Amino acid sequence: CCELPCHGCVPCCWP
């Protein structure tokens, strides 16, 4: 649900 370098459903990946 996100993209690199953040690859996982975590707050740092959320829009």
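Glycine is treated like the rest: Cβ placed from N, Cα and C.
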Which of these, Cys2, Cys6, shares a disulfide with Cys12 in Swiss-Prot?
Cys6
Taking the Cβ of each of the disulfide-bonded residues and counting other Cβ atoms inside 10 Å, which one has the highest number: Cys6, Cys12?
Cys6
